[in-house]
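Below is one structure, written out as structure tokens; comments come after it.
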Amino acid sequence: MPELPEVEVTRRGIDAHLAGRYITQVKIRNYALRWPVSPELITLLPGQRINTITRRAKYLLFACSKGTLIIHLGMSGSLRVLPVSTPSLLHDHFELWLDNEKMLRFRDPRRFGVILWWDGDVRQHPLLQKLGPEPLSDAFNGLFLHEKIQRRSISIKEALMNQHIVVGIGNIYANEALFHAGISPLIAAGSLSTALCARLVDAVKMTLQRAIEAGGSSLRDFTDCDGSPGCFQQQYWVYGRTGQPCRKCGALVSKTRQGQRSSFFCAQCQK
């Protein structure tokens, strides 16, 4: 699933092509995504200007003349900017045609993506209303994290992936950030001191920023808006490296299950 870095890479890529452009046509080839795509978009969106493209958590927010188009990439979604003459393929479900003979095409083989319209204050949308702070913002700091987790018995990795505590951190980047912080993914969140929380926050910010700079991670489906894969997977320290030597101490990387997710860690470096 695309996590915050992949969504931010997508946002930055499409912003240069879409911001300030007018929508001329909408094509929907498959309405059956995670929630049905509204057929009203076919008549509602043409003529509207795309003013800005921002990101909240893993949601892309297209602020248009009369409301906001909300897109979530789901498990396997990607957005491409292409000439309108580009033939569609099997998993190309949705297109925004623009006034420059380009289009934004949404591709999603597994169809867990989301395309929604909201004509009110987008901050009040039910999907966005109760989200935690952005991990790269000043609001996410050691004191904040310590306050949020100090009475929780869940593991620190589960806490990092809780979107009500902090948004956008999925399994890959939780594993990597915990390694860089020297904290085991298995320990109880409530056992962390303020100092450890501050160290973890720094590791989260560093990991996400490096991933964005590397174009995100491309393990299966993800590509940026011009079809290029990310390369952050080449920089993983623990994720997916079960049984391989830790790049820091040489001990073998361990793997365990936490809920429905795999956790990767170095038992020597992470306590």
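Note that Cβ sites are derived from N, Cα and C of the backbone, with glycine treated the same way.
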The annotated zinc finger range in Swiss-Prot, which must be one of 202-236, 237-271
237-271
Go through the chain and flag residues at least 6 beyond the ends of the zinc finger (237-271) whose CB is under 8 A from any CB in it; none is fine as an answer.
155, 157-158, 161, 171-172, 175-176, 178-180, 182-187, 219
Starting from the Cα of P2 (active site, schiff-base intermediate with DNA), work out which of the recorded positions (H91, R110, R152, R261) are within 10 Å.
none
So, by DSSP, how many helix, strand and coil residues make up the zinc finger (237-271)?
0 helix, 12 strand, 23 coil
May I ask which of the active-site residues E3, K58, R261 is closest to R152 (DNA binding site) if we compare their C-alpha atoms?
R261
